[in-house]
Every structure is written in C-alpha cells, then in structure tokens.
C-alpha cells in the first residue's frame, strides 16, 4: 500500500476502534462496572494489581464508594475482579486509541505527508481524544460522591457528564470517519477528473439543494436523539415505562409525572420544565421517544422525496440512492432495537446493540452526506486536475504538430513542379 494511502485507512481503522470502545463502554455501564476503579492514574493506572495484597488494597478503596455501600456490600474480592477488569479494559482501550492516533499524527505532520488543513484536523482530533480522557474521569468521579444519592437510591454517574462523555466520543469518531472518507473520495475523483467534475457539478445542481440541506439537518437530528438516549441511560429511564407506543394507559404519561415539582430547585419553579427534561426519568424517556419517532419519520420522508421527486431521482447518483436506502434500513433496525430494549426491561445485549445502532445510524447519515455534499476544496482540486490534464493534452498536440511540420514542407517541395 502506498504511503499516501495510509492516512485514510489509518483514520478509518481508528474510527473502527473508537466505535468498539463506545460499545464496550456501554457494556461497562450496563454491567455496573464503571465505578469499580475509584482513582485516575493516567500513567501507572495502565498496570492492574499483580498480587493478592494489591487486589485487597484496590478492593478496600472500592468498599469506600457509595456503590459498594448501597448495592454490593456482600461482594467479595473475586466478584470485584470481574467488574474491575471491565473498567480496566475500557480505560486501557482508551489509552491505546490515544497512542495509536497521536504517534501517527506526529509522523504525518512532521514528514508533511498530509496537507496543512488535514494536519489541523488531525491535531484537533488528538485534542478531542485527550479531552475525552479527562471527561471520562470527571464522569466517574460524579458517581463516587454521596451527594448524588440525595434524589435517589441508586448510585450512578451524572447524566449530564455521561451525555458529555458519549457526545465527545461520537464527535471524535465522526471526525475520523469523515476525514478518512473525504480523502478516499478525493483520490477516487482525481483518478478520473473529467468524470469526477461532471459528478460534482451534477451534485451542485439547484434541484438537489433541498436534499443536501435535508441530509445536513437529519445529521443534527440523529445526533441530538443519540444524546437524549445518553440522558435516558444515565437516569435509568428505560425502566420507567416498558410498553410502546403507550406510556401507561395513554400515549402521554400524567402531567404530574412529566412536570414534577420535586425536580425544581427554585421556590417559584422557574426551572420546572428544563429540570424535568434533563433530570426526570419519565420526561427524559418521553423526549427520547419523540425525538426517535421524529428521526424515523424524517428518514422515511427524505427517502420518499429522493425516490418520487422526478428532479432528485434523475440527478441523484447511484451511490446517493444506495446511501439513502441504507439509512432507511439502519433507522428501521434502530427502532426495532429501541422498542425491544424497552419491552424486555433493558437487557444488556439489547441495550448495547441499541447504543451501537445509534452510532451506526450516525455513520450512515455521514456516509450519505459524504456522497452528496460538495466541499469547495474537493471541487477546486478536481477542476485543477481537469485543467492540468487539458493543458498536457494541448501540449502533446502542439508537439505532434511541430514534429509533422518539416516533413510536410519537404513533401511540398518534392511535389512542386520544376520551372522551365
């Protein structure tokens, strides 16, 4: 593989690793293993306990946590090791992601193997990965405080911090995926610049403007829906109402449950609405249902528009149509996973698959966007390649004419009649 092709495939491999750690992080939370390590040691934390004495010391620190006191007071060392290894693997995986991204970035930037713009993107992703590590500990630390138990009986991390942690992971993943796919797309277009220019000009047709903007809006909607799912997970809101589409006897739960004054922190209840939106499990689940239903409807509507609008159907390339159909399949699967997770009281396999489905759905809309959006830089590169190819063709043509000139003159002299 040529060195110039390494950056995109390395970016896609890094994105795959981040996808995996997101799913594994969900499993760590679902198995209640995330609070088993009560310290953050970025360096020495890479090494687990090596003997029974070290295990007893680690277990003693865990016994001081609210989770042990309220949920696992009968846990022994052997049981503790199971949840410890889950969290330790999650943290080690995060370190591996950081190292395997930072070192190649330093190499590619130092050796000028990437453009200045791509170098800035890579450095930005490195910053996101480092920031993600800090947010991870910030999140875990919130679950080690007793004050979080004042409004409940189950020790858990802050749903705000969990949503921030998951959102940052999503952004890092999407940045890797987008940049990797963008480089591959540029390489593919530059292999046949004339065909590539025709494709890009077709995608920039005014009749596709609404479709392109809709894909961008859909990306934001899917992201917001996924983050609302993090709030549901942080509040254990999936255990509140376990039927669908009903919530109890009606589509909507009782108003008193949706806007409970218990969650307000002010005497005049000015924060009643937003506090309940982010802290009340009932309203958090309802919000997620509404966002998920809206996302499902929006995807199907956009697919119908791409299929039954004559202008869009005639202009949208095959890759765009396939991407749109793939998005329909992904959102349908995600709805099935979400409803099944609710019906079966959030079993670990289904819940983890539902979280993976959210990231897969985001990947699908990003891939679709990469097939229909036309960045200015890509258009400029392809136009320059076409102009360069035309210039080379004209140069060859002129050279051939120059080579034929003397021969033509000689033939003319021979053919000219001799005067008497």
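Backbone N, Cα and C define each Cβ position, glycine as well.
Under the heading transmembrane segment, TrEMBL lists 9-27 (among others).
Annotation comment: TrEMBL describes 92-110 (among others) as transmembrane segment. Residues of the same chain lying 6 or more positions beyond the ends of the transmembrane segment (92-110) and with a Cβ under 8 Å from any Cβ of it are 7, 10, 14, 17-18, 20-21, 24, 42, 46, 119, 122-123, 125-126, 129-130, 132-133, 136.
Taken from TrEMBL, the feature transmembrane segment applies to 122-140 (among others). Counting only same-chain residues 6+ beyond the ends of the transmembrane segment (122-140), those with a CB under 8 A from a CB of the stretch are 34-35, 37, 40, 42, 91, 94-95, 97-98, 101-102, 105, 108-109, 114, 157-158, 161-162, 164-165, 168-169, 171-172, 175-176, 179.
Taken from TrEMBL, the feature transmembrane segment applies to 160-181 (among others).
Residues annotated as transmembrane segment in TrEMBL: 214-235 (among others).
Residues 210-211, 214-215, 218, 221-222, 224-225, 228-229, 231-232, 237, 244-245, 247, 252-253, 258, 277, 312, 324-325, 327-328, 331-332, 334-335, 338 of the same chain sit 6 or more residues outside the transmembrane segment (286-305) yet have a Cβ under 8 Å from a Cβ within it. If you look up TrEMBL, you'll see 286-305 (among others) marked as transmembrane segment.
What TrEMBL records for 326-346 (among others) is transmembrane segment.
Residues annotated as transmembrane segment in TrEMBL: 352-374 (among others).
Two recorded stretches are said to be in contact when at least 3 C-beta pairs lie under 8 angstroms, sequence spacing 6 or more; the transmembrane segment (326-346) and the transmembrane segment (352-374) meet this definition. With a cut-off of 8 Å between Cβ atoms, the residues of this chain six or more beyond the transmembrane segment (9-27) that come close are 1, 86, 89-90, 93-94, 96-97, 100-101, 104, 166, 169-170, 172-173, 176-177, 179-181, 183, 233, 348, 351-352, 355-356, 359, 363.
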